[in-house]
């Protein structure tokens, strides 16, 4: 009989169809700067740029929103990239000497990047494949000549030619070193080889001429038309780079000793022995090699010479520089990361006599910098994308959806005022190829990232291009040691070389205590809370004009009811006193300092009540920032916690107290052993007795030995860590009167619910009266399995989460149902459970797994709108586990809806950094500099929809290899397979359709701390959980 009672019901076809209309998993776009870039290319005709990485990724960028991404099948480093100008095709060279031809193909109204042909030379041609010539070894350099020929320079000094249409070797056109040596005088040979081919350059006016540079220093002009050597330049210095002059009458070469030379090609056919100009810009002392050099002509006659490297080896050998020389002006662009490559945006039309460069683009290991070469001072051009997310290491992130247009405009205005003076370049972004087919988003989304240097950056996450808007810095409020070091460094800086700091990547943090741990933003009042590593909690407010004011400071001792503790960790940050100047933007109004100054692990803001709650590893506090007074401080450390004794939080207890607690444990174990099946009431009484005993003051009186607290991270298993905080207007005292409440969840499975007495605001007033806020402990819930509480949310009478502050009062969301019974959803690392309020009795639950290994890491309530009906939407619970799986559950029934594999379980940092949005999307870090964006919603999808204005070939590069799948992760993750991409119908369908404004609101759920991933199989189980929650009611 029981098997029929518990038999699972069959799938409802109607519900399954509805699921397909609500849920769909896509990895859509990668935001940020490519991780570990290794190659760069630019198409001057289409105005698109390509970046290759060490993991084999290929990323092509055009105008904002125009992006194409591909991944080589072999995880090898991309060493060189070359566009076929105007054709939408890209040739890549990997470090295994293989060539790959990529094409941008039009399909279903959208453009896609696909890999076409490939060429793999054998590692040992004489043994592996007799059809390949013996000299075809490692490829060192590639050139596209005359548009239809690929020229390969090799390590052996041989040069080979391939047909670009088939990537097949052209017979009888190989140029061997012996043939070149015949044109070289005998005294130059000296029995030595020419060395590898270092550079191949095509002539702009005559594509049949190829400039060849060998490592030993020999330069050769080879005529492909006549198959002969036209000119020889006998260089003696080891060659690094070559560049033609505009008209082809001059050649510039750079060398390993930090010098460059200019050679004239008008000296006739005999070998040229000496260059016309030889100079070492930073000599006479030994210098590093000039890795790459460019010569760009101007109509004014003052030509540009741009090169990387060449710095004095002893003094500045560790600098990463690109030097720009024009006439008598020399500027040394000083970067904080290694220079990968650079190019200029200039005229390439054959009829133009001069280059007239407009911009210089420098690809660095950690960022992309574009300089305006037409404006005096050569200022930087603001980048609409590819901004380095990791300019300082990311420590936390948050997403804010549906940002009001007024707040958006104020944030953008504050960001524009942060531009350096004089104003930035008037030149617009020069990489403008392609067309973005996606419509303008109907709502604005902000991505907030907290960083190690104490900054919070605001990003426009509304579309494909993640655009920087504004940067908030908190370091100016505090006294740090770096202030004196910076002034000293500026004082001793020499005038030569003329260094100029460029770029925003700064890997060094001034003070690790400045690191941002949590952020919270109220989008209706423009108030913000920022919490840091040293226990600092800042309350800020957006101002449109600069101001000068003092910041109020208040200390909140979270251990005020525990005597004899000594903090052995870092000191708190000392704030500056007196009037301080603040730029336009978010300006601090209140500084709350937690004591001990441990890292803040949870924070929440309720602007309507002017309250902020914060938690650390020692407890949590509630602060009224309107009256600038603390309301509550609660310590969550348990004296009997063995983990707290053994972990970094070490406390020495007296022998008398230890013996007393040991006898109590023995007595409790005897009682529990005799009574195997106690009644529920006796269990509750015993639990209450234990709770009363833990909080009994007489246990804390006799402490003859001082207890010492050491710093510890927020991701350990100590029970006192506060994991989440939550405000709600709900029923806690009784079922007829609702009011403000605050909820706190800890690492030990404890949930504290406080009833708040908040003075009500007058009719039409924004601020509440200046009366004190009171907090009374109402409920205390101890989960039996003691798993860490990840998130808490209150559901109204219709089972929907409560709206955010000001949402209902301003008619921006449907008012909550305050007539029916409320419920509270408590999400722990092991299970989800819904309790009725105010009795706090279990209503429904879902146990994520019955086995060890699967734990909840991130939780959020999101609204999923139907693709078929604009009026239908469901609020569901999205959950990410430590195995990288995403589960979606119905609310409040907690029935599983869909399950997707999202992140590799080995990617611990990616799982820890995941952030869900309120419309069913998410972000997580796939590298220190890149966010992967994914969507769980079938309606709300943000992905590249773009095209290129080129003539699409009917049968391009046939035969074609297997079509490349849509890239899931360009950092080399290959074990996650996505559904095929589709662009059928209007490209705006995924962006323009949104649910109505009156939609179920999202409850603010706190993020969880980082934890280590464990292996294990996921098992979804809704039965077999017989745990009992202990509830203590303090309100009666």
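Every residue, even glycine, has its Cβ placed from backbone N, Cα and C.
Per Swiss-Prot, the range carrying the annotation region 'Disordered' out of 601-622, 623-644, 645-666, 667-688 is 667-688. Of the listed segments 957-979, 980-1002, Swiss-Prot assigns region 'Disordered' to 980-1002. The stretch from 78-119, 139-175, 289-331, 395-473, 848-901 with the most CB pairs below 8 A to the repeat 'WD 14' (915-938) is 848-901.
Contact check: the repeat 'WD 9' (517-592) against the repeat 'WD 8' (395-473) gives at least three Cβ pairs closer than 8 Å, residues 6 or more apart, which meets the contact criterion. Across the range of the repeat 'WD 9' (517-592), the DSSP-based residue counts are 0 helix, 44 strand, 32 coil. For the repeat 'WD 13' (848-901), the DSSP-based tally of helix, strand and coil residues reads 0 helix, 31 strand, 23 coil. Shown for the repeat 'WD 1' (38-71): DSSP residue counts in helix, strand and coil, namely 0 helix, 22 strand, 12 coil.
Across the range of the repeat 'WD 5' (239-271), the DSSP-based residue counts are 0 helix, 17 strand, 16 coil. Ranked by Cβ pairs under 8 Å to the repeat 'WD 1' (38-71), the stretches 289-331, 339-373, 395-473 are led by 395-473.
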